[in-house]
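Down below is the structure, laid out as C-alpha cells.
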Ligand SMILES: O=P(O)(O)OP(=O)(O)OP(=O)(O)OC[C@H]1O[C@@H](n2cnc3c(O)ncnc32)[C@H](O)[C@@H]1O
Ligand SMILES: [Mg+2]
C-alpha cells in the first residue's frame, strides 16, 4: 500500500487521517512512528497556511520524502476569530485540550446561542523535495455549546456543535465526524494530487 508521512505528533489527527486516507488506498505514517525523536517545528506563522507549510517543509527536508502537514484550529466569531492559529496553546504552553476549551467557555459566558457561531479550519500543506509547496483549506461551520459533552474525537470537539446537528462533534461517531469535518473537506481537495502520486 502507498504510504504518506503526516508531520504531526497529534494522535487525534493521526487516527482521523488513517481513516480518511483508507478510501484512497494510502497508509498513513506520522512522527509518532519515528524511532528517533524529531524536534517540534516551531509554529511561528500567523496563518494556518504558513504554519502548515512550515511543518511540512521542515519534516520533508529532514526525511527527504514528500510530507503532508495539518494546521488546524477553531475560529469563534464573538471572539474575533480567536483562538484561531493559537488553538493548541490557547490556555498556555502545555497544550491542554480541557484547559483550552474551558477558556473558550469562560470567554463566552453570557453570550447567547445566536452569537456563538464558530468554524473549524484545517489547512493541509504538501511539501515535496524539489517542488513548490501547496496548501488546501477545509472548514466546518457550527456553534459553541454551553457545556463540554461527548467522548469521541479530540481537542475542542466536546464544545463544537456542527450546523444541522444537535450533538457536539464529540458525540458523533468517527465516521460521522469524518463525513463533515474540516479535515475531510481539506483532504478531498487533494484527490487530484493523490491520483497523480
Ligand atoms: O502541530 P501538530 O503536531 O500537528 O499538532 P497540534 O495538536 O499542535 O495541532 P495544531 O498546531 O494544528 O493545533 C490544532 C489545535 O486545534 C484543535 N483541533 C484541530 N482539529 C480539531 C478537531 O478536528 N477537533 C477538535 N479540535 C481540533 C487541536 O486540539 C489543537 O488545539
Ligand atoms: Mg501544533
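Backbone N, Cα and C define each Cβ position, glycine as well.
Just so you know, TrEMBL annotations never went through curation; they're auto-generated.
Residues annotated as substrate binding site in TrEMBL: 8, 9, 10, 11, 12, 13, 72, 154, 155, 156, 157, 177, 182, 183. Annotation for residue 72 (substrate binding site): spatial neighbours 13, 48, 87, 120, 121, 122, 123, 182, 183, criterion Cβ-Cβ under 8 Å with sequence separation of six or more.
In three-state terms derived from DSSP, residue 42 (Mg(2+) binding site) belongs to neither a helical nor a strand segment and is classed as coil. Feature annotation from TrEMBL assigns Mg(2+) binding site to 42, 71.
The active site, proton acceptor annotation in TrEMBL covers 71. Taking Cβ-Cβ distances under 8 Å and a sequence separation of 6 or more, the neighbours of residue 71 (Mg(2+) binding site) in its chain are 43, 45, 48, 49, 51, 52, 55, 85, 122, 123, 125.
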- Winner by Cβ contact number (other Cβ atoms within 10 Å) across the binding-site residues 42, 157: 157
- Message: For the binding-site residues listed here (8, 10), tell me which residue's CB has the most neighbouring CB atoms inside 10 Å.
- Response: 8
- Counting Cβ atoms within 10 Å across all protein chains shown, which of the binding-site residues 12, 155 comes out on top? 155
- Students should find that the Cα atoms of residue 155 (substrate binding site) and residue 42 (Mg(2+) binding site) sit apart, in Å rounded to an integer, by 20
- Item | Among the substrate-binding set 8, 9, 10, 11, 12, 13, 72, 154, 155, 156, 157, 177, 182, 183, as the record gives it, the longest Cα-Cα distance in Å | 20
- Item | Sequence-ordered binding-site residues from 8, 42, 72, 155, 157 with Cβ under 6 Å of an atom of ligand 1 | 8, 72, 155, 157
